[in-house]
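Annotated features in TrEMBL:
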- 1-18: signal peptide (SIGNAL)
- 199-394: domain 'Peptidase M12B' (DOMAIN)
- H335, H339, H345: Zn(2+) binding site (BINDING)
- C352-C357: disulfide bond (DISULFID)
- 402-488: domain 'Disintegrin' (DOMAIN)
- C460-C480: disulfide bond (DISULFID)
Amino acid sequence: MLPGYIFLMIFLVPQVKEKVILGVEGQQLVHPKKLPVIQKRDTEHTHDDDIPKTYEEELLYEIKLNRKTLILHLLRSREFLGSNYSETFYSMKGEAFTRHPQIMDHCFYQGSIVHEYDSAASISTCNGLRGFFRVNDQRYLIEPVKYSDEGEHLVFKYNPKVPFVANYSCMEPNFTRKTVAEDTESKGDYKTKGIYNEKYVELFIVADDTTYHRNSHPHDKLRNRIWGMVNFVNMIYKTLNIHVTLVGVEIWTHGDKIELHSNIETTLLHFSVWQERILKTRKHFDHVLLLSGKWLYTHVQGISYPGGMCLPYYSSSVIKDLLPDTNIVANRMAHQLGHNLGMQHDEFPCTCPSGKCVMDSDGSIPALKFSKCSQDQYQQYLKDYKPTCMLDIPFPYKFNDFQYCGNKKVDEGEECDCGTGQECTNPCCDAHTCVLKPGFTCAEGECCESCQIKKAGSICRPAKDECDFPEMCTGHSPACPTDQFRVNGFPCKNSEGYCFMGKCPTRGDQCSELFDDEAIESHDICYEMNTKGNKFGYCKNKENRFLPCEEKDIRCGKIYCTGGDHSSVLGEDKTYHLTDPQQNVTVKCKTIFLYHDSRDVGLVASGTKCGEGMVCSTGECLNMEKVYNSINCPSQCHEIAMDDHGLHCHCEEGQAPEALEELFNVTTHLQKPWEWRIKDTLVTSSGGRLSQSRQKFIFYINLQVKIQEELQIPIKMPSELEVGYPKWLCMPRLRILDPKIFTTLPRYLLLKFLVVLLMFFIQTENV
């Protein structure tokens, strides 16, 4: 007998009257027997150790199934219930009542089969053993005959060929996520936390009136059913380093709060508007899911907005809850959540070793694995859209100072931490010691590939547009350097706009984002509507009063578009038809009203050009010098990038003075020498910073080298130079400037003279 565990002996007995469960075939009657347990010493920290527990933290069951003995190892699930968990019900008068259970002593477990590498389990022990377990390619359902873990249980085998279950399908609404301003401006956390760290999806579930009454009314019964589903989904998504955490349940106990339409896409639309305008005013969550028990929607079992995670209105799903088997319904939850995280249906050759994938289109039986295609699509989704809501940690105890190997945080003294041995899927990290495996130099990061740090100069974050800079790996860190971009106010898109926070906002692009790619900015006459002072024409909102624009600010109020047949966002749209008296033509002025995070997304975006040297800011057309602090930076410093996405000047130490521009009479449309981003190179081999004079010396030497290359003059590298250059000079060259700056030999000779002169002064200074 294995010491320190609970053993459960299960013996096969003759079958009782067969129970009908769709999607399974056959059944075996078993009798569990619970054996004493010898407690073993805890090696990990538990944040709720002081809470009295009815259910044990660890269990072992011995199951004799199909003439084979299986040992089921279960650990009580953690982090599938949020610390801020709440439950909401309604009275017959429609009043909402919310409670916040304080003691979360639950009976839900996750685990695996001992000595079976490809196995998993999601089990509830509330009233007997109820749930799912898998051994290799075979999946089983276990249920108690009576509400006792000492009594009879039935074990069913899932059959993927059962016609009813194989008819499962889902629908994808006509929605394509676009990178709108309010979705991309606040991405700072991704620079420090990265796309490879663990993520959290704070899930909220709403059960409609039919689901409530189908479960014989009691709140606890429906709650346990929902908890079991979320426990299953949590187990699945741990393989992607995602914790799906239930933060709340709302049960429509006396009538539905929205119209449940026979068209499931219409129901999703109604539900999305309700959850954004009503539910979010009283509860924080990342994704909300409606469980509907109505026999509607023909063959469609679920629907979700593709790639909608963290977006207002679009981070929502609808699932049909008609089957008694919670595992099938939970698998549909996981499937729709996958769509919301950017995953598509798996089609050949996208397969899983176990035969079934979470994102299979048929959804015939519970699946636990994601195909390589789904994993790649999810990673690309994180890179493209950076859903920052998934970085929120819903557990306050995770902010304490307790450190241990296996908490998925790289603590002091650790090189990596991929979780427990059961959770870890990182091939570079030893889960038991939290150190890198022999021969490896990294475990994660944008500059980590095949467990090795990428070479210096490898692009880890490409430039998104002309207002952004590409970031390159340093060669000594697996993390991509801090995101940097051009200074606010830099002309872009052929002077149609000005750079703002790394992007080039224009009205035409905003119209495409709000409607579709066919939409463009409408006629100038439309902006006269902004003097009306209503929600479709205004500049500022003071305590729900729409203030009309002054004439000078009308191009910074509501935006007006034309063309495009579809709206890319959910909101109230309005179209005016105005006549231009000068051209005697009628123009179409289309706008939208949608509030999110205290801002109307139908207003012209901040930073949009409204005149020469003028940009929109809080409903006004202002001079850039007033809006951007960077315009007033000291004249001797040329601002090239801004750190940390802050609205402040950032002058790189060692940038060339303005006098150099005058000396060489550089034309303004060409890139200047000081537009090198040289911050990350101005260090010595030991990590110390160089003095200003030495930084300037390196600047001029590299400038000279580039000119020699362009003029095809033999180049002497630092190790070959006759002059006694210090050792700190022998380092990789800085990033090269535009080769068109200097094209004539006289300028080269003049520069050569300056370099020699500068070397003389540096040598004198060092003496």
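Sequential numbering from 1, following the chain as shown.
Cβ from N, Cα, C; glycine included.
TrEMBL labels come from automatic prediction, so no person has curated them.
Within the group of binding-site residues (H335, H345), the Cβ with the highest number of other Cβ atoms inside 10 Å belongs to H335. Taking all protein chains in view, 23 other C-beta atoms sit within 10 angstroms of the C-beta of C480 (disulfide bond). All protein chains considered, the CB of H339 (Zn(2+) binding site) has 24 other CB atoms within 10 Å. A Cα-Cα distance of 28 Å separates C460 (disulfide bond) from H345 (Zn(2+) binding site). In terms of local Cβ density within 10 Å, C357 ranks first among the disulfide-bonded residues C352, C357, C460. C352 (disulfide bond) is 18 Å away from H339 (Zn(2+) binding site) when you measure Cα to Cα. Cα of C480 (disulfide bond) to Cα of C357 (disulfide bond): a span of 32 Å. C352 (disulfide bond) is 15 Å away from H335 (Zn(2+) binding site) when you measure Cα to Cα.
Broken down by DSSP into helix, strand and coil, the domain 'Disintegrin' (402-488) contains 0 helix, 15 strand, 72 coil. In this structure the C-alpha atoms belonging to C352 (disulfide bond) and H345 (Zn(2+) binding site) are separated by 13 Å. C357 (disulfide bond) and H345 (Zn(2+) binding site) are 9 Å apart (CA-CA, integer value).
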